[in-house]
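Below: one structure, written as structure tokens.
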Amino acid sequence: MGYSKNLGAGLFAMPLLAPAVLASDPDPLQDFCVADLDGKAVSVNGHPCKPMSEAGDDFLFSSKLAKAGNTSTPNGSAVTELDVAEWPGTNTLGVSMNRVDFAPGGTNPPHIHPRATDIGIVMKGELLVGILGSLDSGNKLYSRVVRAGETFLIPRGLMHFQFNVGKTHASMVVSFNSQNPGIIFVPLTLFGSNPPIPTPVLTKALRVEAGVVELLKSKFAGGS
């Protein structure tokens, strides 16, 4: 009798625990679902599928990451995305990639991927990689200079950055366990949001004068 009660309680609890173990995109229900990016069908996760008769086989291959990006930007870096919008074949498969190129002194500024863990490899040069823990870890900064051929791991949802500490151009490739990992650039989000975050909110949060906030907002006006 006791065994039956325990079994019943366990079966009852399993549906309650299930949402806690879903840590990535939903599993696909077919071999391929090449995204119909112009499709009008309603879709909760991902995009509707193209008919396989129209998909061809190019969706399995991409050369987009073969070319270095233009690092003549304010950050001195260039991100080449290869998510579902750029590679429709990744639709429903729960994977995507980025290539990031850095000029000397260039940075991929502090940012967060809200829907994915990422794992990266430095292809050229040397990058200071920093990961910021949550309040649970005392906001600890975990950092290391990562050189060509070495790898790093960024847990889902943690703020992180990369900075080229070398004297030559550097590059890295990062893989995500989501077809659409999302990105929140912290400086741009704080000071370039649309509509803007009210200045009194930022002066209180950052403990600075209003003039400092307005100066920072001017730097990120227009989402640049």
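Each residue, glycine too, has its Cβ placed from N, Cα and C.
Other C-beta atoms found within 10 angstroms of the C-beta of ASN98 (oxalate binding site) number 22, with every protein chain shown included. Sequence annotations record features per position, and here TrEMBL assigns oxalate binding site to ASN98, ASN108, HIS113.
Under the heading Mn(2+) binding site, TrEMBL lists HIS111, HIS113, HIS160. Other C-beta atoms found within 10 angstroms of the C-beta of HIS111 (Mn(2+) binding site) number 19, with every protein chain shown included.
Feature annotation from TrEMBL assigns disulfide bond to CYS33-CYS49.
Annotation comment: TrEMBL describes 63-214 as domain 'Cupin type-1'.
The annotation signal peptide is assigned in TrEMBL to 1-23.
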The answer, for which of the binding-site residues HIS113, HIS160 has its Cβ ringed by the most other Cβ atoms inside 10 Å, is HIS113
How many other Cβ atoms are found within 10 Å of the Cβ atom of CYS33 (disulfide bond), counting all protein chains shown? 23
Can you list, in sequence order, the residues of the same chain other than ASN98, ASN108, HIS113 whose CB lies within 8 Å of the CB centroid of the oxalate site? VAL79, VAL100, HIS111, ASP118, VAL174, PRO181, ILE183
Distance in Å spanning the most remote Cα pair of ASN98, ASN108, HIS113, given for oxalate: 13
